[in-house]
Amino acid sequence: MEPIQLPEWTALGPALLLAATAIALFVVDSISPRSTNRNVLAGIATTGSLAALGVAVWFSMAGVGATGVDGFGVIELFDGQFVVDQLALYFMIIVAVVTALVVVASYDYMAGHTYQAEYYSLVLLAATGMATMAAANSLVTIFIALELASLPSYALVSILKDNRGSVEAGLKYFLVGALSSAIFLYGISLVYGATGYLQLGNIASVIEAGDAAAYDGLLGLGILFLIGGIAFKTASVPFHFWAPEAYEGAPAPISAFLSSASKAAGFVIAFRVFTEAFPLEATAGVIGIDWTVAFVALAIVTMTVGNFAAATQDNVKRMLAYSSIGHAGYALIGLAGLSADGGELVMGAAMMHLLVYGFMNTGAFLFVALAEHWGVGRTFEDYNGLGRRAPVACFALAIFMFSLAGIPPLGGFWSKYFLFSSALEAGLLVVAAALVINSALSLYYYSRLVKAVWIEDPVLERDALTQPTGLYAAIVVAAVMTVVLLPGFGPVVDTALEAAAAIV
Amino acid sequence: MEGVFDYAPAIALFPLVAFVVVLAFGTYLPKKGALPGIIATGGSLLLSLVMAAAVASGEAYHETLYEWAAGDATSATGVEGVSFTFGLLIDPLAALMLVIVSLVAFLVHVFSLGYMNAEGETGLPRYYAGLGLFTFSMLAFVVADNLLMAFIFFELVGLCSFLLIGFWFRTKSAPSAAKKAFLVTRFGDYFFLIGVVAIAATFGTVAFAGDDSFVTAAETAIDGGDQLFGFDAQTWVTITGLLVLGGVIGKSAQFPLHTWLPDAMEGPTTVSALIHAATMVAAGVYLVARMFGYYALSPTTLAIIAFVGGFTALFAATMGVVKDDIKQVLAYSTISQYGYMMLGLGVGGYVAGVFHLMNHAFFKALLFLGAGAVIVIMHHEQDMWKMGGLKDKAPVTYYTFLAGALALAGIIPFSGFWSKDEILYDALIVGLEEPVIMAAYAMGLLAVFFTGFYTFRMVFLTFHGEPRSEVAEDPHPVGWSIKAPLLVLGVLAVVAGIANLAPVAKLAGVDITFLEHWLDGEYGAIEGLTYTAYGELLAYETSYIGSEQVTVLVAAGLSLLLAFSGAGLAWLLYNKPEPVAHTERLGSAGKVIEDNYYQDEYQVWLAEGLTLPLARAADRFDQTVIDGIVDGTSTASLFGSDRIRRLQTGIVTNYAALIVTGVIVLLLVLGFLGGWF
Amino acid sequence: MTVAIEYYVLLSMGLFCIGLFGVLTRRNALMFLMSVELLLNAANINLIAFAFYHGNLTGQVFALFAMALAAAEVAVGLGIILVLYRNFRDVDVTVPTTMRW
Amino acid sequence: MLLETLLAVALLGAAVVFVAPNRIAGKLAFAISLVPAAISLWLFAAFDGSGNALLEGDLAFESQMEWIQFGDYAITWFVGVDGISLPLVVLTTILTSLAILSSWTPIDERESQFYGLILFIEANLIGVFVALDFFVWFIFWEAVLIPMYLLIGIWGGPRRKYAAIKFFVYTNVASLVMFGAFVALVFGLGDAVSSFALPEITDAMINGDGVQTALFGVDPTTLTALVFVAMFLGFAVKVPIVPFHTWLPDAHVEAPTPASVLLAGVLLKMGTYALLRFNFTMFPTDVIEPFVVPIAAIAVISVIYGAMLALAQTDLKRIVAYSSVSSMGYVILGLIAFTQFGVGGATFQMVSHGLISGLMFMAVGVIYNATHTRMVTDMSGMADRMPVAVGILIAGAFGYMGLPLMSGFYGEFAIFFGSFGSEFLAYAPVFTAAAMFGIVIVAGYLLFAMQRAVFGPYNLETEYEVTRAPLHDIAPMFVLLGLIIALGVAPELIFEMITDAVDPIIANGGDL
């Protein structure tokens with residue numbers, strides 16, 4: 001129990017801190033627009049994201065949003081437009097972690113670039129949006145938060161204005177994003193039409209009361225369009241098309257940020273919307289079908305497309321991009337496996353996966369950032385023999401790869417196993433089988449990267465590579481966390497399950 | 001004398017110590033390791049004699065010394081638990097064999113001083129270590145009190161044989177011969193091992209002697225009419241007996257697994273004398289004698305043993321006729337003689353078989369060592385056509401060799417006559433009742449003629465006539481270390497027959513069949529392992545031509561007649577100053593014989609013409625089909641991957657189209673399932 | 001006299017389809033962007049119509065939000081199209097295909 | 001906590017060596033590896049357990065603690081040893097030390113990484129054998145792949161990349177199959193189990209009612225059978241059993257000598273160990289029964305087919321690799337015989353084959369170090385220049401052939417004896433006799449190779465003088481040879497402990 005009772009609005013502390021940091025960065029930059037003090041900017045951004053992380057962890061540990069005896073209970077703000085429960089805090093933690101890693105890594109990556117302050121503040125604004133998504137409890141706030149996350153992301157992807165790849169990536173991301181958000185908005189309007197409400201809880205009550213029975217087609221179409229919007233954010237098939245290009249063309253830290261944090265944020269709204277607003281049984285009564293069927297199909301197709309497309313890539317970043325799509329497929333199991341009589345196990349497993357993914361995938365992309373910082377090139381062949389020059393970073397890369405492949409003894413194994421086991425328990429034999437097959441395939445291309453850096457001989461002799469502190473620190477922290485999560489997975493399981501139980 | 005048996009393990013362990021010492025320090029020892037070997041085998045010989053004396057004083061020894069492994073396994077006959085042990089069984093048979101083996105081993109060690117050391121061979125520690133290990137294994141095999149232990153040392157002597165045949169490993173032929181020797185005997189041992197396993201699994205014991213021996217158990221099972229592994233007990237005993245016989249046939253170089261022995265002559269002649277004539281090859285026959293009680297239970301097996309023995313005796317003898325290499329002649333002669341022993345045992349002539357085993361050990365070791373001496377004299381020339389006239393230049397060698405030859409040819413009164421005659425007599429009396437045995441007897445008898453012929457052809461070509469090469473005119477002198485063993489063995493070859501003058505005994509009615517009494521347990525013995533006990537188990541009927549005496553005379557007369565004819569023919573053809581080859585006269589038959597009836601060819605074909613291509617085909621199958629499926633899976637996946645990534649065309653309009661398509665597909669599927677339309 | 005809700009929905013759907021058609025066929029980035037605006041406005045029509053239908057203001061308020069967001073989106077979009085033009089000397093969205101497969 | 005210490009020493013040792021300078025890495029790793037070896041020998045001496053670890057046996061050095069609770073199932077840290085696992089642990093530690101020693105000569109780049117990986121692999125191998133919770137076991141089981149992948153990939157031969165990735169992906173796919181099947185089994189057990197502790201699951205399978213819940217519409221009996229088959233297939237790749245063996249020759253041939261030593265010596269035993277622990281301990285005999293004859297047939301085919309493949313090879317390492325396939329066939333035969341001698345002999349054979357194949361690979365490696373070729377066709381008369389190494393190679397070859405008084409013979413004999421009289425296996429004598437023919441073929445190909453490679457006139461054309469190997473190459477081989485002979489002369493050294501742990505398994509067969 002806390003000795004001091006904080007005012008209720010502080011429950012959104014992590015998001016607010018991120019927003020404040022973004023504004024602070026603007027302010028600092030406005031004080032002397034002509035000079036750029038990178039240390040100060042990066043310091044502020046790091047401090048802000050770490051503070052947000054600290055607060056989120058603190059809240060989570062202290063029992064904010066926990067429903068138990070020693071918890072504070074779920075905190076609802078602005079008439080239930082926002083809600084801070086364990087789920088929200090859990091995802092805020094993920095977002096904050098990734099943000100912190102990305103910000104630290106960007107210090108070196110962005111060295112020499114213009115628009116430093118803008119860069120950091122856009123990152124933090126996007127993070128704010130994502131943190132807000134975690135707490136949003138109404139389709140309105142969800143949409144706004146989503147846009148708050150998306151718009152800075154478009155800008156961030158194309159921030160390397162003279163880089164054709166970056167611009168192309170930004171364009172594609174933006175166009176697909178615009179289309180998707182339009183579809184999402186249209187879905188919201190249909191759901192609103194069918195139920196008359198935008199707040200999740202109210203929608204559920206209407207459906208449960210059977211008042212929406214007359215609008216089965218409308219509601220069904222609306223739900224389908226909502227799935228579309230979410231699929232865009234999580235980079236799931238068929239809305240994944242932006243991802244390979246955006247991740248490939250964007251500055252690598254941004255790729256890391258988008259593929260980890262943005263995806264997690266996409267999943268949190270998916271989890272919340274579908275559990276809170278569309279109770280499975282009642283919705284099925286209206287639209288005549290379990291919406292989990294859609295997620296089953298999406299999960300299988302997404303993981304298969306992602307993994308298969310990743311298998312033969314030559315460009316490392318693009319391989320990681322497709323792998324990221326594959327992982328979205330894994331996490332979709334969290335929704336596919338929901339059932340009327342519970343499902344916190346499967347959703348919890350998906351949440352665990354997103355946390356671990358936050359470390360290992362961010363780490364992997366940050367390694368790419370490091371490689372871009374060195375200027376060694378982009379393909380597997382360019383990476384050949386890096387292990388001789390930069391053993392520590394490459395060791396970390398091996399950890400990320402094997403963890404992404406989900407093989408022990410790394411954190412990725414646990415979350416993948418829990419997904420698998422809960423899918424089995426949910427009776428999704430086909431999904432579980434697809435998970436296994438795709439994992440087997442993924443091992444091939446992940447180990448290809450390990451092979452490149454550790455096994456292959458360098459194509460040409462390199463000079464010693466620099467060791468940028470920020471990038472190294474971020475990578476090492478991510479790697480250590482990926483390893484430590486193996487023995488220390490117990491608390492993660494407990495937290496994730498509790499968070500999932502909050503909404504299921 | 002009872003306490004002396006406590007020292008029995010030392011008989012085998014002495015040479016083992018010598019092996020270790022020589023292996024570790026041989027290079028630094030004087031005589032490069034010969035001395036430890038001589039001392040060890042000498043010690044073994046002394047102890048063996050002491051054991052023999054102890055047995056003569058009425059003792060026998062059967063003791064389990066070490067439990068190798070044990071466990072619970074219920075045998076087919078219902079025995080609970082099994083233990084595999086190392087133990088000693090020193091009965092008259094073993095004691096006799098101990099003396100033979102240690103004596104020959106000792107003499108060969110001494111001989112080696114002249115044959116190997118004096119000739120400046122390199123790698124001598126390896127040689128003496130091999131001899132030591134061999135002697136150890138062979139002695140341990142002899143005293144083994146159970147079938148598994150026997151198998152273990154049976155294999156180890158095979159290893160030593162391999163190592164020693166391949167002593168001159170820098171040549172092409174020696175390693176090849178060593179490999180062949182090991183492989184062919186291994187093929188026999190495969191059946192032997194199945195036999196051991198089968199016997200152990202059937203009876204829960206592998207002991208040779210005592211109440212819990214597998215022999216007793218088998219007897220009980222047959223009497224009780226048990227069903228074992230789906231066969232009636234009698235058949236099963238036959239099957240297992242035949243399986244063990246596989247090892248015997250391999251090791252004792254019986255048809256069809258005899259092909260390795262002639263090749264084994266690539267080894268040093270001393271090794272040939274010790275391993276490939278006197279002792280290791282005898283191991284097979286000894287094993288049959290050792291578990292004779294078991295074979296006695298199965299007339300079928302015995303008949304097969306007899307037939308194989310008789311056939312091999314004739315078969316090998318014919319091949320010996322045309323060989324030009326002195327060692328080759330001896331090698332085929334060895335095969336042939338072991339055929340006799342098998343014949344003897346197969347017709348129930350336990351004493352006769354063992355008797356011939358003993359005599360053969362002496363005279364064949366003598367002949368090989370004599371041949372070794374000749375080879376030294378001839379500066380390592382082995383072709384008899386390049387020799388001649390050595391009679392006067394090397395009298396000791398000549399006369400001892402002649403004694404051995406007379407014994408081998410079965411000329412009265414040399415040792416070989418007595419034992420061979422006894423075998424043929426035993427075969428004849430059984431053969432009068434059993435046609436199969438009669439056929440075996442006939443072949444054995446016919447072989448006597450060939451034996452006489454090739455033996456004396458060898459003697460005449462080597463020692464008589466004029467020297468046919470420069471080296472034969474200027475022979476290399478040999479030292480005492482060569483002469484002394486020859487003399488010892490020469491004396492034995494002449495007089496060893498006294499041990500069992502059965503025909504004399506039968507004709508004159510004098511009780512001078514010492515060996516028979518020895519093996520029949522009149523001194524010390526283990527119950528059940530006696531000639532009489534075996535006789536009771538045997539199911540053979542016997543009959544005589546007229547009376548027993550007449551039969552003895554007929555048998556002896558026939559074999560002597562044939563032996564003399566063979567020797568006489570050799571005298572006619574080859575005892576000339578300048579003998580010429582007569583092989584051409586045999587025509588196409590001669591060609592067949594010279595090529596050893598194509599036995600090597602078909603066996604080599606089995607290995608290289610059939611197995612190897614089969615292996616290569618399997619390898620190709622493995623590389624293409626099985627591995628192809630594995631690689632194909634990965635190729636297919638990667639192909640699929642390549643297709644799927646083509647979805648990503650890079651054109652954003654296509655993406656929008658695909659997104660819309662995806663949504664529509666989902667809409668149609670969900671709508672159809674949900675009944676929205 | 002009120003127009004039945006179905007007509008609003010049909011209108012918005014028609015608009016949506018027009019927008020979609022534009023998205024699929026227009027290669028000019030600006031046209032693409034305008035088509036997206038059509039899509040958004042289709043949703044807005046729905047929101048407002050349903051707000052009227054359901055008798056609460058949530059939809060109308062949300063429509064305002066949506067318009068503001070659409071404006072922001074256009075701002076970002078125009079920026080991106082600007083740099084697109086600088087880099088590719090064209091605003092055809094099918095031209096930038098350096099990254100594919 | 002002794003087992004934890006054992007693991008921790010190896011893991012920390014790996015970390016220390018990883019950051020040590022290349023110059024001293026080899027010696028440092030050897031020194032560190034002596035510690036686990038000493039601990040494991042001490043464990044061996046102080047072993048006081050009895051019975052089978054999974055069947056309510058009295059465990060030695062066990063410890064168990066909470067780890068993760070997910071849904072209805074607890075995952076615990078649970079380790080301990082019994083008579084089956086302890087010999088394998090000792091084998092692992094000793095073989096690792098010796099493998100490190102034998103790497104001093106061939107490994108001349110990135111030493112610290114190499115030795116670090118070796119120690120890391122050692123830790124995981126120990127973990128596989130001591131783990132008693134499914135997840136602890138599986139984590140170590142899979143973790144072995146990574147260092148081996150890198151060892152083959154970085155320090156391997158010309159086709160190392162292909163071999164490494166094939167090894168990695170193939171065995172991992174197999175693990176996934178097995179893993180999925182096992183998880184399904186545990187779910188099928190329903191409320192009967194509350195954790196992934198192997199003894200608990202075994203208890204539910206053997207003494208409890210077994211699988212009672214239908215899963216995915218598959219009835220419990222079929223489900224159990226399917227799981228049995230899937231797990232068998234999963235382990236079959238690891239063992240490997242024909243036709244899942246093709247990764248092995250590639251991996252063996254390309255791997256650097258010390259990795260081959262560990263691969264053949266210990267990694268293959270993981271598969272047979274797991275088969276014993278899972279398939280043949282956890283499943284009641286009536287589940288196994290329908291598969292007995294097919295499995296025995298596969299075992300025999302592995303023996304004969306593997307031997308035939310070995311016969312067709314000219315690369316010494318490839319010969320030894322295929323002969324491993326052949327030898328593992330014996331182990332399967334022993335396991336399926338389901339008698340004390342069969343299963344005990346199979347376990348014995350695991351240890352024995354570990355020592356012998358380790359010895360063979362070392363000997364081949366030493367010759368390779370000197371000649372830079374392994375092709376039988378390229379060599380001739382090596383005995384002339386390297387008498388000691390060749391002598392040991394020959395000794396190893398005879399060990400492989402099952403020469404009596406070397407450990408291989410006892411293993412094979414016990415297997416044959418156990419399977420010949422097996423009442424569980426129909427036509428046991430026929431299968432046994434057929435499998436035994438392997439001892440002829442093995443003699444054939446090894447002697448054939450010896451004859452061509454080490455005997456005959458010396459005529460290898462090298463640009464340098466081929467000389468005797470240094471002591472630190474020879475010494476480990478002598479140690480192995482000593483162990484092989486010691487176990488051959490006195491198999492009871494470990495066989496007693498093994499049978500003690502095997503007996504409860506056999507007892508479960510009831511009145512077979």
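Placement of Cβ uses the backbone N, Cα and C atoms for every residue, glycine included.
Residues or ranges marked as domain 'NADH:quinone oxidoreductase/Mrp antiporter transmembrane' in TrEMBL: A:136-442.
According to TrEMBL, the transmembrane segment annotation covers A:6-28 (among others).
According to TrEMBL, the transmembrane segment annotation covers A:40-67 (among others).
Taken from TrEMBL, the feature transmembrane segment applies to A:87-107 (among others). Same-chain residues lying 6 or more positions outside the transmembrane segment (A:87-107) and placing a CB less than 8 Å from one of its CB atoms are 14-15, 18, 38, 42, 45-46, 49-50, 52-53, 56-57, 59-60, 64-65, 119-120, 123-124, 127, 130-131, 133-135, 251, 253-254, 256-257, 260-261, 264-265, 267-268, 271-272, 351, 354-355, 358-359, 362-363, 366, 369, 468-471, 473-475, 477-478, 495-496, 499-500, 502-503.
Listed as Cβ neighbours of the transmembrane segment (A:119-136) (distance under 8 Å, sequence separation of 6 or more from its ends, same chain) are residues 12, 14-15, 18-19, 21-23, 25-26, 29, 41-42, 44-45, 48-49, 52, 77, 81-84, 87-92, 95-96, 99, 102-103, 106, 110, 113, 142, 144-150, 152-153, 155-156, 159, 254, 257, 261-262, 264-266, 268-269, 272. Annotated transmembrane segment per TrEMBL: A:119-136 (among others), in sequence order.
Per TrEMBL, the feature transmembrane segment maps to A:142-161 (among others).
Distant neighbours of the transmembrane segment (A:173-198): 138-140, 143, 146-147, 150, 153-154, 157-158, 206-207, 211-212, 215, 218-219, 221-233, 239, 241-242, 245-246, 250, 277; these residues of the same chain sit at least 6 beyond its ends, with a Cβ under 8 Å from one of its Cβ atoms. Annotation comment: TrEMBL describes A:173-198 (among others) as transmembrane segment.
Through the fold, the transmembrane segment (A:218-242) approaches residues 146, 149-150, 172-173, 175-177, 180-181, 183-195, 207, 212, 259, 262-263, 265-267, 269-270, 273, 278, 283, 286-289, 291, 294-295, 298, 301-302, 305-306, 324-325, 328-329, 331-332 of its own chain, all at least 6 residues removed from its boundaries and within a Cβ separation under 8 Å. TrEMBL lists A:218-242 (among others) with the feature transmembrane segment.
Annotation comment: TrEMBL describes A:286-308 (among others) as transmembrane segment.
Per TrEMBL, transmembrane segment is recorded for A:346-371 (among others). Packing against the transmembrane segment (A:346-371) from elsewhere in the chain are residues 87, 90-91, 93-94, 97-98, 101-102, 105, 109, 247, 251-253, 255-257, 259-261, 263-264, 267, 271, 275, 316-317, 320, 323-324, 327, 330-338, 377-378, 382-383, 386, 390, 393, 396-397, 399-401, 403-404, 410-412, 414-416, 418-419, 421-423, 425-426, 468, 471-472, 474-475, 478-479, 481-482, 485, 489, 492-493, 496-497, 499-501, 503-504: each is 6 or more residues past its ends and has a CB under 8 Å from a CB in it.
Counting same-chain residues at least six beyond the ends of the transmembrane segment (A:392-414), those with a Cβ under 8 angstroms from any Cβ of the stretch are 323, 327, 352, 356-357, 359-361, 363-364, 367, 370, 386, 439, 442-443, 446-447, 449-450, 453-454, 472, 475-476, 478-479, 481-486, 489, 492-493. For A:392-414 (among others), the entry in TrEMBL reads transmembrane segment.
Under the heading transmembrane segment, TrEMBL lists A:426-446 (among others). Within the chain carrying the transmembrane segment (A:426-446), a Cβ under 8 angstroms from the stretch's Cβ atoms is held by residues 296, 299-300, 303-304, 306-308, 310-313, 319, 323, 326, 329-330, 333, 336-339, 343, 345-346, 401-402, 404-407, 416, 419-420, all 6 or more beyond its ends.
Annotation source TrEMBL lists transmembrane segment at A:470-489 (among others).
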Original post:
What parts of the chain pack near the transmembrane segment (A:470-489), using Cβ distances under 8 Å and only residues at least 6 beyond its ends?
Top reply: 42, 101-102, 104-109, 352, 356, 359-360, 362-363, 366-367, 369-370, 373, 392-393, 395-397, 399-400, 403, 408-414
**OP:** Take the transmembrane segment (A:286-308) and find every residue of the same chain, 6 or more past its ends, with a Cβ under 8 Å from one of its Cβ atoms.
**Re:** 207, 210, 212-213, 215-216, 219-220, 223-224, 227, 231, 236-237, 240, 274, 278, 280, 322-330, 332-333, 335-339, 428, 430-431, 434-435, 438, 441-442, 445
Original post:
In terms of Cβ proximity under 8 Å, which residues at least six beyond the ends of the transmembrane segment (A:6-28) contact it?
Top reply: 40-41, 44-45, 47-49, 51-53, 55-56, 59, 64-65, 75, 77, 82, 84, 89, 92, 95-96, 99, 117, 120-122, 124-125, 127-128, 131-132, 134-135
Subject >> Beyond the flanks of the transmembrane segment (A:40-67) by at least 6 residues, Cβ under 8 Å >> reply: 2, 11, 13-15, 17-18, 20-22, 24-25, 28-29, 73-75, 84-90, 92-93, 96-97, 99-100, 103-104, 106-107, 116-117, 120-121, 123-124, 127, 131, 470, 495, 498, 502
